């Protein structure tokens, strides 16, 4: 008695209301339709973007919703027309689709797809499948998808263009982090900023994304990597991953960007903002050297009005770049998994807690209290 073509009943964490704990519920997961895949999630990381959507300050959220966008699992069944994966394959769901047909997918300049970011905020897109319906039901009510993934469910349904097939021997409890946090930070340094050997770098924010950016800077051969965070407890981990200096803005007697400029004789070659917020964005620009300083922005801060910048700061030679998912896509993610298996980088260092899925609210509390970098939930 297989499950193919049948509704599956399983456990999922549902956000019914903003500002309230998630609720573990039994949900019904419909079979995949054309060009859809039903995936059994084995492990999922908890990312700050998941908490943004249930913050009362967030505008436009679709509720109730099953969150989670950093997961890994095994294909349970496929719908008609699916050719890129088959039942039994290990996969990482990706919140950026890769249709391979649109002008974005065909361009070497971006990892975007026309199916992604059609509006102003990707966090509230892909909330339904292509036919504008959900595959989740709970207590007779339709439940929204999140980012096209909804990894906080034992089973989920995603579009075939939102999947990367990975090696059969991949450790799902670690490579799930490649679904967002690690790839976003590491790629911001490697792919977007294009950090060069011998360069100086500043990384703002030492969560999972920021620490991954430090790993990227180190891999690229940076000679000096300055890590900045208001939580000094994160400095030991940052140094273990490659940071040469650590600064806490709250412990300085002048703006952190001024300190960085003094430390580096005029500013860093590459500045990467993994925290977000107008103050951090301004510091990112100000700490970059004139002439060629590169500023890459990754972090998002809720309800922040963003950066106000003078043309003078730009005509002095600085460049500003934005990045999403570190420039990776469904074709390049499998290479990241292979690089992890071959020891090119250490995903283990990012995992501070491993908890059973039903402890998800405990994991959220650890994140809010700044006590975790990445918590991996095991299903």
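Every residue gets a Cβ built from N, Cα and C, even glycine.
Record features, source Swiss-Prot:
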{"type": "BINDING", "residues": "47, 69, 176", "note": "Zn(2+) 1 binding site"}
{"type": "BINDING", "residues": "99, 102, 105, 113", "note": "Zn(2+) 2 binding site"}
{"type": "BINDING", "residues": "205, 206, 207, 208, 209, 210, 229, 234, 298, 299, 300, 374", "note": "NAD(+) binding site"}
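The Cβ of residue 209 (NAD(+) binding site) has 29 neighbouring Cβ atoms from other residues within 10 Å, across all protein chains displayed. The sparsest Cβ neighbourhood within 10 Å, among the listed binding-site residues (102, 105, 113, 176), is found at 102.
For the binding-site residues listed here (205, 207), the lowest count of other CB atoms within 10 A around the CB belongs to 207.
Counting every protein chain shown, the Cβ of residue 229 (NAD(+) binding site) has 24 other Cβ atoms within 10 Å. Cα spacing between residue 69 (Zn(2+) 1 binding site) and residue 207 (NAD(+) binding site): 17 Å, rounded to the nearest whole number. It is 28 Å from the Cα atom of residue 209 (NAD(+) binding site) to that of residue 102 (Zn(2+) 2 binding site). Of the candidate binding-site residues, 47, 176, 205, 298, 300, the one lying closest to residue 99 (Zn(2+) 2 binding site) when CA atoms are compared is 176. The maximal spread of the NAD(+) binding site, taken as the longest Cα to Cα distance among 205, 206, 207, 208, 209, 210, 229, 234, 298, 299, 300, 374, is 20 Å.
The CA atom of residue 113 (Zn(2+) 2 binding site) is located 18 Å away from the CA atom of residue 298 (NAD(+) binding site).
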